[in-house]
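The following features are taken from TrEMBL:
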TRANSMEM  21-43  transmembrane segment
TRANSMEM  92-111  transmembrane segment
TRANSMEM  131-152  transmembrane segment
TRANSMEM  172-192  transmembrane segment
TRANSMEM  204-220  transmembrane segment
TRANSMEM  249-269  transmembrane segment
TRANSMEM  306-323  transmembrane segment
TRANSMEM  354-371  transmembrane segment
TRANSMEM  404-427  transmembrane segment
TRANSMEM  439-461  transmembrane segment
TRANSMEM  468-488  transmembrane segment
TRANSMEM  512-533  transmembrane segment
Amino acid sequence: MSLRNDLRGLGRALRLTARRLRVQALAWILPLWLCTASFAPAYQDAYFADAGVAAANNPVVEALRASPGTRLLYGELPDPGTIGQLVQWEGATYLLVCTALMAVLLTCRLLRADEDEGLAELLRDVGTGRWVPFLAPVLVIWAAVAVLAVLVGGTLAAEAQEIESLPVSGGWALAGVTAVVGWGFTGLAAVICQLARSAAGARPLALATIGAAFVLRVAADQWEVTWLRWLTPLGWRDLVAPYTDDGPMPLAVCAAICVALVAIAGALYTRREYGTGYLPDRSTSARRWHVHGYADLLGRLSVRTLMAWAVAVACFAALFGSMTEGILDMMRDERIAEYVNMLVQAGADMMEQFMSLMTVMMVLLIAVAATQQAGRLAADEDAGLVEAEAVVGVPRRHLFLMQAASAAAVGTILLVLCGAVLAAVTATQVTKDHAVARAFVFTVSQLPGLLAAIGIALAVVGVAPRRFGIVWAVIAWSAFARLLGGMMDLPTWAQDLSVLGHYLDVVGDPDWIPLAVQAAVGVAGTAVGLVAYRRRDLGGAG
């Protein structure tokens, strides 16, 4: 009877939570599913068009296996290197990391932010059982991960009918890995949500677990220590080995670990006082801040986030820069050259193609950081902080322009840092064809595109702050158009309709028109947002 009381209202809470989560979940699931569906056909066309299904002695596969950079990023490529093994090796790396991000961010939002905002307390006040505020978010997120896994497995199974070296069992094994990785990070995030004292404290810690999991997976590969893979969800793929062993027992053990993590989180949940956590409270300090105006306050509040992004950007820039020589060697193969020509302009030389692809991925990360900073004004408004600032006499125009300047400063600092690190590491790999100068200039000259993204974000903040998802849709489209547009045969104008990938080259005559258009979009978006922000009611725009 006690258990029944503890679970009272769970069904309705599950339906309510699923309804709230449907847009965010679909925004993650659909792009990941579509990208996964493109992996196997792309590998077949690029690497195996002339070699049939046999991977032995395939020069492309051997080049991928021999590259230290690709081994670091993706792990060891299993023998003999079939299409299925390439899918689970390279493509699944991105799939699993993005699934981990989805699980962590959604868990922190539903499990801890709801408590901070009083929604969990409201749920208890209407008579639901004590376990419902904990179980409903976890089960709904597990269901979202399961939907993604089923779509991945079903798609790969369907493609197996056309691609001989893509067995059905391997597709469903990869689907199982996707599920347990998502469930595992949901469990880890649930534990962290109980330890931390707020969503703001839980989110960076939970995201740090993804980085730690990646480092453990790299260590397991480099030192060939199998037991280390059990400690990281990103290493579970190598234990199951889709398209090689398709091991069901490791999959079952990983699923049991996921259940154990949720059980640990549940035990912590029952012993934690509402609205608190187990970690020390570091939200306040005995030190006094001598703040000189709103700009100084905004800078001080943003410095930790900026430092975290700077570390991430520098690490990724160093990683990609260290792969320069190996990837350029692979691009000399005719098959890979044809594949790269599908992704970027075919008329460009090899160095320009490589730098274009690499810097687009780096600037994508920076665009997320800059637009997130611009959107902070909408989050502050939703939390009631803007009203408090306006009451003490800070003009709304000043609030808006300071946030715009802060976002532009974050983007500029990260671009310069990324370009400098990328150029410095590239210089240790290759210096011909202006590689070092291009690494820096290709990165920094994408500042107008970054300003365009910030301008669009500010326009949304001014007109309809609750529709900030439009900004993420713009960035997602830009990444898709630049990274996959050529493969999908998008027209050139559609690929150019992007805030990413427009840059200056140190070779030849520079093309300033795209950069001027992007800068104009940024200025226009900021102006529209400022006018709308000054005229509308706070919290009144949908």
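Cβ coordinates come from backbone N, Cα and C, glycine included.
TrEMBL entries are annotated by machine, without manual review.
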Segment-segment contact (the transmembrane segment (404-427); the transmembrane segment (306-323)) at 3 or more Cβ pairs under 8 Å: yes
Seg_contact(the transmembrane segment (249-269), the transmembrane segment (172-192)) with at least 3 CB pairs under 8 angstroms, min sep 6: yes
Cβ-based contact of the transmembrane segment (92-111) with the transmembrane segment (204-220), 3 or more pairs under 8 Å: yes
Stretch of maximal Cβ-Cβ contact with the transmembrane segment (21-43) [cut-off: under 8 Å; candidates 172-192, 204-220, 306-323, 468-488]: 468-488
